[in-house]
């Protein structure tokens, strides 16, 4: 390498000699002063300069480091804002001194050290502020805080803790508000637990009966209780004096004594009936009048007890007071009598498919005033339905349904379902029962065939508001009471012109008719913690549909999973519903004999083919005519199920030469059975039904065209307005949250813990989360740059919020998919449901963000106000909830929390911190990072923490190093909120797309 020109002269002082004399070339202090003053034009060699510099001391240079030569920073007395320059003057300007080893180590680690020279400026110390020109360093006054480089004290927020000399503000007021909210919620929980225990203790002291399985309706168990059947308490017709105390058998008595007691009680019961003594009414007055009776204690207040006799034990009592032949001849085609007909008011033992379904009779002594609840229900049904009949009729011909890749699961099914009838659809698994119901309800479109509704061939999907569907699994909200579940359905689905007071009265009457009034204020509970019994739960599910005044009610195995008593109660309810005029169609699987005989007609399916369609009473005779025989004491329903599943060889008269295959049975029906003419005998309605019919105005006769127009008019009046549905969904969702206090408190606790942990990670920095390069001319003594502390705090915040909010966000829709499908199928507004659920989550989001932010700022104390930090964290909470709700729509409920957690974690990590946004920009993928809320949250934190230090540091270098932009805090927050809204819109679109795909597949 060529030498630098003139370097020889510089090294040798202009002399040609390579060596300097030790004495002759030594410069004195006067020589040095002359050279620096310019009076001597000699050049110093490197050796001469080094020798001279080593001799310099603090008294000469003003620098702490020996032999250090200071560098001037300004030509005069100059001090940047935020710096402290106490010693510089016009004659002694500020200067930079090379640091000592200890100071250099501190600066390399991003820490500040003391000034290294007498005239070296320093950053205004924390806890103090330095006015303009930097000649004073004053302690920070109370109510203010002064971080490093403070020019004027920063006023603390309202309620913040800022004593004298504060270096940061500690927001105490938000933390106090959070504590108050937690105390209120905790006191509510503790008060509820105390009230529950107090109520149980008080009830136990009164002797009330509680069932350990929940608030089970004890009256359901009395139906088949021998003590109840043989020892019913009796009351006069008009007054309720204290009745006689009947003696119940004791387990210590002998069998002979017990038989004697039973015969005596039976004889007494018969005499009471003959003398006009009325059977017990389960009203509050009646039960309280007999404290000694085993069944005198009720599970709660009750109302409408007269109508309750339609469903409850009075009919069973008649069975023991009436002589009947228990042996029936199974070889005749039509049975002489059945369980249900013996307790009904039929005029003929032959049931008819075409007649109006019967209802169980009331006591002849019941007064018209006691049927007010039934009158209210029928009156409301009449006002809600504008057609001639209260029910729908169906005529379907040659129905078939084909599944791609599977084949026809339903083929050649024809039938006729009359208004007000009760039809049972029986068949083995995979027989096509559910497919047939879905076609009749309009949820699926048949591949072949026609369906007529009230004589008109139309798309059944148009009648969704007029049809009720009760699935096999009871889809109810466990957080609501029995009344609230029914009331919500009534408010959203009844005519929009009805006032709320009228709807409330209708719900009251319906609860009484369903025998649910005594548990109407009890929570429903779930499978893990049931509160009401299985029969009550099923009646509630039916009541939710009845609250919409349907013209047809479809049920999928309504008695599955219920005990015999509850199943019988449900069938009595369905029988009464059909008596009111509502067409009832139920899938039934292996019913008891009483349930089997309750249906007016049956439709039997096997492998998608029709085996029978006709009156229930003629079903046995139909198969007897084919060569089958029914066991004398067997359940005919079990025999029929064995026959239609291809296992009927054991019931054939000629077992060696008898074809019992499904194909043979289906062909026989197709060729011969469907041509049968069934008897069409009329049946008399019960006394109560006749009274109610006379009390209602007559309905005009309608032609088929008028019937179709009336149906259209009825549908147009149904459903509450959009705003009302939104309000009802919002009210219901808020109620759910308030009653899930444990999960609510748990979510707030997790947010609190996360805020404390993230704040603790930045606690040692004392709010000093950024320092960069000092502005010139003071850049020489800048410590190491720290661009990452503020961004790391933002990154941890985004990850923590994602972990806290993703799982609760999934519950917005994840736990209610079945309920959503049921309500949308019934005519609810999708958008009203969606918006209402989202609005109901806002209070939860607001309080959770408050917990997180309050705890975070108490420890981390970043250089931003509580309001700024809260609005940023709230926006990210909002976005995470929206993202989680979108995920819950597109995946299964079981997979929702895990996937939402993973997506939230990924979006949080994509915050532009690691990898930095500058590297992402080099990859050309910044747009992908900007699609998530994480980078916008980090940029908002960066702007508030760094943006206020522009008078001290060169912020352009910080922006270039990180890729973040300053000065758009508002834009960052708005974008995070916008992304949260976009996620919700996508979730709503996914819900609509899923519904469209289901319809397309159907």
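Backbone N, Cα and C define each Cβ position, glycine as well.
What TrEMBL annotates here:
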DOMAIN    394-632  domain 'ABC transporter'
REGION    1-24  region 'Disordered'
REGION    225-248  region 'Disordered'
TRANSMEM  172-196  transmembrane segment
TRANSMEM  744-765  transmembrane segment
TRANSMEM  791-813  transmembrane segment
TRANSMEM  845-862  transmembrane segment
TRANSMEM  874-891  transmembrane segment
TRANSMEM  898-917  transmembrane segment
TRANSMEM  973-997  transmembrane segment
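Same-chain neighbours of the transmembrane segment (973-997): 813, 820, 824, 830-831, 834, 838, 871-872, 875-876, 878-883, 885-886, 888-890, 931-933, 936-937, 940, counting only residues six or more beyond its ends whose CB sits under 8 Å from a CB of the stretch.
For the transmembrane segment (874-891), the partner stretch with the highest count of Cβ pairs under 8 angstroms, out of 172-196, 744-765, 791-813, 845-862, 898-917, is 791-813. Residues 178, 181-182, 185-186, 189, 737-738, 789, 793, 796-797, 800-801, 803-804, 808, 844, 847-849, 851-860, 862 of the same chain sit 6 or more residues outside the transmembrane segment (744-765) yet have a Cβ under 8 Å from a Cβ within it. Using a cut-off of 8 Å between Cβ atoms, the transmembrane segment (791-813) and the transmembrane segment (172-196) share fewer than three residue pairs, counting only pairs 6 or more apart in sequence. Summed and averaged per residue, pLDDT over the domain 'ABC transporter' (394-632) gives 87.
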